[in-house]
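These notes are about the structure you will find just below.
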Amino acid sequence: MAFVLSLLMALVLVSYGPGGSLGCYLSQRLMLDARENLKLLDRMNRLSPHSCLQDRKDFGLPQEMVEGDQLQKDQAFPVLYEMLQQSFNLFYTEHSSAAWDTTLLEQLCTGLQQQLDHLDTCRGQVMGEEDSELGNMDPIVTVKKYFQGIYDYLQEKGYSDCAWEIVRVEMMRALTVSTTLQKRLTKMGGDLNSP
């Protein structure tokens, strides 16, 4: 039994190490986590979106940037990572925990963290020394501005139930776009180490 466990550990270490690329493939697990997160967001619905129509806002989701051909492969990974990180940050707040069912919120945050952890296995290899420059990359700045608009909206609306419902619907759109980006990356080869 100990031998089998040791062998499995060795295989995992080799596949995720610098020589192996298993850790940098966009796996089915990542896509399953994304779908599960969307289902959780849907289940978090507490109000009818129709009752909050007066609070609607266009947050300027950079959908065309992600779904179009504007992003190159070397930009797509950092944008995907930033979208997931910002989504996690949004839901991992005191204001958020006051607005949602705690169990569903914890499951959503765990799912987002799992996606980020999976991407973290590749992040250093994909972004390397360019990491500091990528923070200033236009698509990343666009994503940050988009999420800042969401934070500003919530604050302006006093973190009301309707404001959170509008944001929940918006985050379903954003996570759908990030899933589309994951699919694009997979079609680009899936191996995030390849140029």
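Just so you know, glycine gets a Cβ as well, placed from its N, Cα and C.
Per Swiss-Prot, these features apply:
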SIGNAL    1-23  signal peptide
DISULFID  Cys24-Cys122  disulfide bond
DISULFID  Cys52-Cys162  disulfide bond
Other CB atoms within 10 A, centred on Cys52 (disulfide bond): 18
Winner by Cβ contact number (other Cβ atoms within 10 Å) across the disulfide-bonded residues Cys122, Cys162: Cys122
Length of the line joining the Cα atoms of Cys122 (disulfide bond) and Cys162 (disulfide bond), in Å: 38
DSSP state at Cys162 (disulfide bond), helix/strand/coil: helix
